[in-house]
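Peer 1: Feature list, courtesy of TrEMBL:
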| type | residues | note |
| --- | --- | --- |
| DOMAIN | 11-205 | domain 'PDEase' |
| ACT_SITE | 118 | active site, proton donor |
| BINDING | 122, 160, 161 | Zn(2+) 1 binding site |
| BINDING | 161 | Zn(2+) 2 binding site |
């Protein structure tokens, strides 16, 4: 079946299933230190998602190799954690780092290492760019966006391509994939990413 060859196991997993399968007992963040990403909110830092972490993050998965907890020690998590600290969102929104790390672990699991573009590294890069844009706007007008909206922007960027199968909406519709039918052939992937993101957020926060 050509469709089954494109989609992992012949189907796309739901957000809740990702969390249930891999991260029921995510290690608490307090067990190991997180590297803070210098100037993650600054355009002038010349941030490079492939070289921002020692040792280099895998270009497909975003996982940082060589760490004893490499499966949970992620570029995506480090960027978001650094941004949350820099922007004061942990304190203002009363969100714990353990909650965020669990959520970001499930986000990371939702990106396929087989996808050469829409993977966790792309999500990390997009998230850092959105943080920089928001910080730039805030520098001009401190009231242009509130903390809750800023947090929503970060989560949206980090999860915007969750469970991307590596094909486009037209392919999914023409091959009558289940998710295309579910969303009535309209904005199939966009609805699918949003659905998975919301499911994981509901489980984590």
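Using N, Cα and C of the backbone, Cβ positions are placed for all residues, glycine too.
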Peer 1: Sort out the sequence-distant neighbours of residue 161 (Zn(2+) 1 binding site) for me: same chain, 6+ apart, CB within less than 8 Å of its CB, listed by position.
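Peer 2: For residue 161 (Zn(2+) 1 binding site), the qualifying residues are 111, 118, 122, 123, 193.
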Peer 1: Take every residue in the domain 'PDEase' (11-205), average their pLDDT values, and give the whole-number result.
Peer 2: 79
Peer 1: For residue 160 (Zn(2+) 1 binding site), which residues of its chain lie six or more apart in sequence with Cβ-Cβ distance below 8 Å?
Peer 2: 123, 126, 193, 197
Peer 1: Would you count the other CB atoms within 10 A of the CB of residue 118 (active site, proton donor), including those on all shown protein chains?
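Peer 2: Around residue 118 (active site, proton donor), other Cβ atoms within 10 Å: 19.
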